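Copied over from TrEMBL:
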REGION    1-41  region 'Disordered'
COMPBIAS  11-34  compositional bias 'Basic and acidic residues'
TRANSMEM  93-111  transmembrane segment
TRANSMEM  136-166  transmembrane segment
TRANSMEM  178-194  transmembrane segment
TRANSMEM  200-224  transmembrane segment
TRANSMEM  284-307  transmembrane segment
TRANSMEM  336-356  transmembrane segment
TRANSMEM  391-414  transmembrane segment
TRANSMEM  420-438  transmembrane segment
TRANSMEM  450-470  transmembrane segment
TRANSMEM  482-504  transmembrane segment
Amino acid sequence: MSTRWWSRSSKKQEEDHTSELSENDQRIQKKPNDDTDLNPGELTFEEDTAGGLGRHLGVTSCTLLIVGRIIGTGIFSTPSSILSSVGSVGASLMLWVLGFLLSFCGLFIWLEFGTMFPRSGGEKVYLEAVYRKPKYLATVVFAANAILLGFTASGCIVFASNILVAANQIAGQWNERGIALGVIFFVTLLHGLTPKTGVFIMNLLSIFKIVILVFVVVTGWVVLSGKTRVTDPHYNFRNAFAGSSTSSYEYATATFKVLNAYAGWSNVNYVMNNVRNPVRTLKIAGPLGLGICAVLYLLANVAYFAAATKTEIDKSGVTVAALFFGNVFGSTAERALSVFIALSALGNVITVTFAASRVNQELAKEGIPLPFGNKFWASNWPTGKSPLPGLIIHLIPSVIIIVAPPPNIVYPFILDVEGYPQQIINLFIVIGLFYLRWKKPDAVRPFKVWWPLAVFFLAAAVFLLVAPFLRPPGGVGDTPPLPYYLYCLVGIAIMLAGVLYWAVWRILLPKVFGYKLVPRKEKLDDGTIVAVLSNQKIQRSED
């Protein structure tokens with residue numbers, strides 16, 4: 001009964017807002033790219049969007065979904081490591097501008113795909129639409145990356161460590177991990193059992209992050225005016241490029257960190273089945289959310305560098321945000337910063353988990369082989385409104401990463417590993433964009449990216465895939481004693497593991513046991529429609 005009510009409510013909301021759409025948007029809203037050659041995966045648009053809470057996210061929530069995902073802990077800590085890598089304030093600021101430009105290029109590419117295929121899943125959907133053969137290969141390779149690297153362990157650990165600092169407690173190995181485990185279990189149950197409350201808290205924390213960064217920016221202006229205890233706020237800007245690194249490896253690694261700080265501009269693409277008027281909303285929320293973050297990021301960096309010299313930042317051993325608060329307000333304010341960072345990390349965990357669960361659900365709906373069958377993992381059990389099984393898929397690797405490895409070496413390494421496979425996916429996405437432009441020039445495109453921006457993004461993706469293999473100064477990367485190229489090899493290995501899994505599932509096992517995989521569609525009790533692949537024995541004819 002509850003599921004049917006939400007289905008009717010969602011349908012009514014769709015009708016109420018259709019009048020606001022342009023004629024082109026209405027075409028894609030009602031029947032997005034009718035061409036069967038363009039339909040991603042087994043399910044049609046109507047089948048894929050059935051079930052769940054329905055379309056309940058508007059422009060405001062989607063904008064905050066992007067802001068909440070982008071603004072995590074990176075803007076409070078990353079500027080220090082970026083400066084350390086590239087050697088100068090000027091080069092550091094230029095990298096933040098480059099990251100902003102690359103992110104906007106990527107956003108426009110994802111806008112073209114997202115408005116062509118307005119369904120949940122993000123890159124999963126776009127890869128399936130372009131790389132149709134061998135069947136399921138693109139889906140399984142993406143699934144390997146999304147599931148194995150789709151955890152939020154680092155955000156949980158950052159929350160735990162900063163809460164302990166704020167409480168003036170010593171961060172031991174297990175009290176830190178215990179708090180981190182509590183966070184990930186809390187967020188899983190929050191989204192799985194009370195989805196509307198989860199969205200409300202997510203939006204609230206996103207607004208809180210904007211307020212904190214606006215406070216940093218305004219404080220930076222006051223510092224630059226010379227009306228604080230900082231004696232020479234213009235010191236870093238007089239000879240801003242002095243000491244700049246000349247190593248391609250250093251710039252590539254630093255760029256990965258900047259892009260990781262901007263990561264999240266595609267967050268709405270993962271949850272399009274929950275978005276009202278998805279085409280119109282995506283075209284507004286995407287640029288607005290990334291634009292807000294980019295402006296705040298650049299101005300926050302200026303504020304940081306106004307409050308402390310490059311030498312102070314290098315020698316302090318703390319993040320540039322902590323140095324900023326300490327220099328401007330005194331040492332007591334550093335404890336308040338710990339609370340800000342903890343809440344920012346919590347908001348990031350809530351936002352990432354919300355989107356990741358929808359991606360996991362879409363993978364299960366496609367028929368990807370998972371333990372206990374894919375129907376359970378594709379469902380909205382137990383509420384009929386939110387994918388708790390998809391949240392559990394996200395929970396398991398997060399718990400493993402929190403509990404298993406020693407954090408001092410592994411967490412920086414994990415950040416590098418996460419970035420590399422994503423660049424591989426980005427490369428194939430932008431190549432796919434040009435392929436579809438050539439193969440399907442008449443397909444409905446409510447948004448069309450200017451092709452030089454796509455070429456720039458493609459060139460950057462290639463550079464970021466090649467440069468990490470170039471030997472850094474001294475042959476030592478940023479995660480010693482691990483080899484500097486190891487994170488690239490691990491990222492590639494994860495993608496290859498997906499290829500191997502696909503080969504065993506689609507080729508080896510059917511050949512050995514003499515069956516073929518036959519797809520069928522089933523409708524679950526909550527209204528969700530899933531593709532189920534059954535093993536059909538091959539009848540061999542007698543001679």
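Every residue number used here counts from 1 along the chain in the order it is shown.
In case you wondered, yes, glycine gets a Cβ from its N, Cα and C as well.
Remember, it's a predicted structure, so these values are computed and weren't measured experimentally.
Taking residue pairs at least 6 apart in sequence, the transmembrane segment (450-470) and the transmembrane segment (136-166) share fewer than three C-beta contacts under 8 angstroms. Listed by sequence, the residues of this chain that lie at least six past the ends of the transmembrane segment (450-470) yet keep a Cβ under 8 A from its Cβ atoms are 101-102, 104-106, 108-109, 247-249, 251-253, 255-256, 259, 420, 423-424, 426-427, 430-431, 433-434, 437, 484-485, 487-488. Residues 82, 86, 122, 240, 251, 254-255, 258-259, 261-262, 265-266, 269, 282-283, 286-287, 290, 294, 297-298, 301-302, 305, 426, 429-430, 433, 447, 449-450, 453-454, 456-457, 460 of the same chain, all 6+ positions outside the transmembrane segment (93-111), place their C-beta atoms under 8 angstroms from a C-beta of that stretch.
Ranked by Cβ pairs under 8 Å to the transmembrane segment (178-194), the stretches 200-224, 284-307, 336-356, 420-438 are led by 336-356.
Counting Cβ pairs under 8 Å to the transmembrane segment (284-307), the stretch among 200-224, 336-356, 482-504 with the most such contacts is 200-224.
Under 8 Å from some Cβ of the transmembrane segment (200-224) lie the Cβ atoms of residues 60-61, 64-65, 67-68, 71, 75, 190, 230, 233-234, 292, 296-297, 299-300, 302-304, 306-307, 321, 324, 328, 340, 343-344, 346-347, 350-351, 354, all in the same chain and six or more residues away from its ends.
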